[in-house]
Amino acid sequence: MSSCRGQKLAGGLRAASPFPLCQPAGEPSRGKMRSSCVLLTALVALAAYYVYIPLPGSVSDPWKLMLLDATFRGAQQVSNLIHYLGLSHHLLALNFIIVSFGKKSAWSSAQVKVTDTDFDGVEVRVFEGPPKPEEPLKRSVVYIHGGGWALASAKIRYYDELCTAMAEELNAVIVSIEYRLVPKVYFPEQIHDVVRATKYFLKPEVLQKYMVDPGRICISGDSAGGNLAAALGQQFTQDASLKNKLKLQALIYPVLQALDFNTPSYQQNVNTPILPRYVMVKYWVDYFKGNYDFVQAMIINNHTSLDVEEAAALRARLNWTSLLPASFTKNYKPVVQTTGNARIVQELPQLLDARSAPLIADQAVLQLLPKTYILTCEHDVLRDDGIMYAKRLESAGVEVTLDHFEDGFHGCMIFTSWPTNFSVGIRTRNSYIKWLDQNL
């Protein structure tokens, strides 16, 4: 049936309709539906384009990783817009987003007591696992979270869940340090925080309060936290009052140097989530309160070119052509510039400081370190930092376990619960805790 709104006049004529075309009933709604479908299809295609990135077939749960990466990139873009508008520093805005969606209060369970306190002015979250009947004193891990020295928190769900699992499965006391972040403080203040909190914890009266065995303490951390843990371990070897206080160190995909951003893993994983090379270099510049104008030059190793004398003596300590097995070097070639930008190292001498880059420490320092566990992931720009450190430690006579995951990506160990639960996340966490259980 048709509907025409013109009126019939004498002689069979009709008055002109305000709707010149008479349409079948329901046609406008079908048109709107078609438009909606087209719009929805376009939005889905746009979302798929934003989410999709090419990933190696061997990486764990690739589509889930794409979604995680897209979420993080989206948060970064929002924080960059906030920075551009002059409302806040982009790192403060980004961390506000991260913490807002993941902060967890100090909730205790039947098995693990969780408390927030401070050690010598540094905030910590302490997880006290159940004691073993046959062991009156517990073992302990001092844990330092990752996040590029600028992001995350000991109090977000990911690290709370990790430390709770460690406390329960190891029957241990876990001290998770809430060190201050960029841009509120810069290098070396983060190191000062973790050193101060750890020294306080090692006091006999504090260990006694938490019923901790002073001979069974490990320092550990992931990513930038692994960097701080390695720096702390080295610093303790040079302090007579703290020497031999740590039984173990366990470093999870640690960042250990800023002299060569063209190791095979940096070249292989240049755009791999969730830590592309460009982002890692920016974290370094932020850590030192440097100039973003240096980033592109650093990416091509202009800061450690052959004419930069300050870097010359340190190159052998991270010469990956000799420190990495052929299975990792593959067909990649070193990137060594003949001439570069000496101004970068002059303005950022911290780049050559072993406190920021533990991989370049003297052999005499390395040989004093305790038994070490290093976890590395194939799809991670920092893979070779960990492998080279393992090789240097072994050469110095330190017992090292290198635990490499072929399907792992940077940050995977904290992603163990829905909706960011990855197979490799669960396996890396289990392997890490198993090593601690067997060695601590």
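Numbering starts at 1 and runs along the chain as it is shown here.
In case you wondered, yes, glycine gets a Cβ from its N, Cα and C as well.
What TrEMBL annotates here:
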- S223: active site (ACT_SITE)
- D380: active site (ACT_SITE)
- H410: active site (ACT_SITE)
- 141-292: domain 'Alpha/beta hydrolase fold-3' (DOMAIN)
- 352-413: domain 'Alpha/beta hydrolase fold-3' (DOMAIN)
- 37-55: transmembrane segment (TRANSMEM)
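Annotated pair H410 (active site) and D380 (active site), C-alpha to C-alpha distance, rounded: 5 Å. Neighbour list (S223 (active site), Cβ cut-off 8 Å, at least 6 residues apart, same chain): G146, G147, G148, I252, Y253, P254, V255, L275, L382, H410, G411.
The average pLDDT the prediction assigns to the domain 'Alpha/beta hydrolase fold-3' (352-413) is 98. Taking the Cβ of H410 (active site) as centre and 10 Å as the limit, one finds 25 other Cβ atoms among all the protein chains shown.
Around D380 (active site), taking its Cβ as the centre, 26 other Cβ atoms fall within 10 Å, counting all chains.
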